[in-house]
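Below: the structure, in C-alpha cells.
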Amino acid sequence: MISVPLKPFLAGCFQGVYVNGKQLDFSVSKSNHKIMPGCKVDPCENNKCKHGQCKLRKKKGGYRCKCKRGYSGKYCDKVPTCKQKIFRSRYTHPVTKCMSRTRIKFRRCEGSCGKDCCKPRKIKTRKVRLYCRDGYSYIHNLSVIRKCGCKKCQ
C-alpha cells in the first residue's frame, strides 16, 4: 500500500478518477462540492496551425490560424513561393533614352506570399555609364534588386 499526501484541494479537469481499479461516479456522490460535469476544452491545444499561431474565436468558437509572414491557407500550410528571377539586359534611361553598352544583371521579385506581397528586401545602387546618340556619356546611379522576400503590401 502506498500513502499519498493529499493537498487541501484538487483543481483541474479530470476525465475519470479510479480507485482500486474502479471508476468513481461523482454524479451519484452524496457530496459533490464544486464538482461540475464536463471539461473546458482548449481548441488551441491540438491545433493544426503549421506555420502560424492559434488564436481563439470568442464569438464563433473554435480557433483560427494567424500565419507567419508569407504563409497562407486555413492552417498556414501554403508555403510562400516568393523568389528572385534573374535576367540580363541593357539599361535604357526612360527620359534621356541613353543606354548602357553592356548587359546588366537585374532581378525581379516573383511569386506568392499569402496576404503579403513579394517585394525587394535588399536594394543596392550601382553606377552605370550610359551612352547617348549624340556621343555624350554620363554615370547614372541605378537601383538594382539584390534579394526578394515577403513584405506587407502598401
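Even glycines carry a Cβ here, placed using N, Cα and C.
When TrEMBL is consulted, the disulfide partner of CYS76, picked from CYS67, CYS98, turns out to be CYS67. Between CYS44 and the candidates CYS13, CYS54, CYS65, TrEMBL records the disulphide pairing with CYS54. On the 0 to 100 pLDDT scale, the domain 'CTCK' (76-154) averages 94 in this prediction. The distance from the Cα of CYS44 (disulfide bond) to the Cα of CYS67 (disulfide bond) comes to 14 Å. Its own atom aside, the Cβ of CYS54 (disulfide bond) has 18 Cβ atoms within 10 angstroms in the protein chains shown. Counting in whole angstrom, CYS54 (disulfide bond) lies 10 from CYS76 (disulfide bond) by their C-alpha atoms. Cβ neighbour count for CYS76 (disulfide bond) (all protein chains, 10 Å cutoff from its Cβ): 21.
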